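Participant: According to TrEMBL, the record shows the following:
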DOMAIN    35-98  domain 'Cytochrome b5 heme-binding'
TRANSMEM  137-154  transmembrane segment
TRANSMEM  160-180  transmembrane segment
TRANSMEM  243-261  transmembrane segment
TRANSMEM  281-299  transmembrane segment
TRANSMEM  306-324  transmembrane segment
Amino acid sequence: MATGYITTIAKKYPTYRDEPLKTVDRWLEGKRVDDGAEGLWRIHDTLYDLTDFIERHPGGSEWIRLTKGTDITESFETHHITTRAEGMLGKYKVRAATAPRSVGLTFHDDGFYRTLKRRVRDKLKDIDHTPVKQSKLIIDSLVAAAFGLAFLAIRMQSYAIGIGSGLFVCWTMIAAHNFFHQRDNWRMLTFNLAFSSYRHWRVSHAMSHHNFPNSILDLEISYFEPFLCWLPNPATKNTIKRFASWVYGPLVYSLLFYGEFVKRLVETYSTGKNTFYVDDLVTFILPSFMYIVGATGLWEVVKMWLFIVTVASFMFGLIGLNAAHHHPKAVHDGDSMPKDIDYAVYQLAAVIDRSDTKGSLFMVLTSFGDHCLHHLFPTLDHAILPQLYPVFFETCREFETVYREMPWLQQIIGQHKQLARIDTMTYNPSEKFRA
């Protein structure tokens, strides 16, 4: 490894990472062990007591309640573009942290991320927010189409139409991801349409994957192990895992939603801690609707519903796992990268955007598009992200960091190459990129 380089952003191996049952609760418990937050909330090298602020948090109380005892630096930086939140911290300060941060990402005032955030903050004053209405119209239309096609599928006993319903359920859930990153709203509930939970994804996706993509801290990496192994580590994937995963990968996609539900059942049973909420009943709205309007027996409804869920799960995996991250030229834990790497530079290292979704809000919302900007500013609606590209590209040029993109087919091919990859590479932020 070259001097001044690291092969992981984690300064210590995450506690509980290798336990067979990987859950959001266990991930948070591991952070409470590793983060040096001493039962409080850590932001950079200072500890805060946010107890009195939990119920007053504009984004929703759950973001604060769940993270007690952890380092929330990355989430705090990316979820608060204005200076208002930072200005309020003083009244909740307790003391300086005694242990160093467990993550090697930096947020220097003159670094890439904070420079970009200042520019985005200024840009937002003049930005056109009317496209946000289109985001809402799109997801509302996706929900209506999913239910309409489910109605036709059950009435006509057509599994071909059921495929269409499954696709729209998948698209609805991907579009809902735009909304569960934002302050609490009813559209985030549509993520729960098929055995998934926006509450759990706010941890596994928003807190874990978004902040630490492609690292050993990323639950969306560890969740799939040992079946799909993207980290270039020959010790964890043999030849069968490297290449047979190309064949059984689609089966993993198809079982994603069921696996999440079963895992929560197992966790509830084994720990005695309830992992289900009233909003999980959203999962049963579609089959209930199908039973009411279907004019057929319960068993026929159940079969059609599970078929729709399986299609939705497969498409979600196909789109999501080939969206931006898993390509041999995207940094994964084990690859070399500059020491003390800036948060934004690391995101650019771990993300290769899809070029074929640009210019279409529908495509962006249903395919995890504009991925890099979304990672950098997750609370902003996807509809306004295109207006930020000029200041983003300006900052990339200033910090000599290359933004990368490629069409979806190359993403799919690259994802399979990444499953097989065991050789590590060195990431150079300024290196020219060829897809």
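FYI, residue positions are counted from 1 along the chain as it appears here.
Quick reminder: no glycine exception, Cβ is built from N, Cα and C everywhere.
What TrEMBL says about a protein is an automatic prediction, not a curated fact.
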Participant: Report, as numbers and ranges, every residue of the chain located at least six residues beyond the transmembrane segment (306-324) whose Cβ falls under 8 Å of a Cβ in that stretch; write 'none' if there are none.
Facilitator: 150, 153, 159, 162-163, 165-167, 169-170, 173-174, 193-195, 228, 250, 252-258, 286, 330, 351-354, 366-368, 371-372, 408, 411-412, 415
Participant: Pairs of Cβ atoms less than 8 Å apart decide it: which stretch in 137-154, 243-261, 281-299 has the most with the transmembrane segment (160-180)?
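Facilitator: It is 137-154 that shares the most Cβ pairs under 8 Å with the transmembrane segment (160-180).
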Participant: Mean pLDDT, the domain 'Cytochrome b5 heme-binding' (35-98)?
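Facilitator: Mean model confidence (pLDDT) across the domain 'Cytochrome b5 heme-binding' (35-98) is 94.
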Participant: Using DSSP, how many residues in the domain 'Cytochrome b5 heme-binding' (35-98) fall into helix, strand and coil?
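Facilitator: Split into helix, strand and coil, the domain 'Cytochrome b5 heme-binding' (35-98) gives 28 helix, 11 strand, 25 coil.
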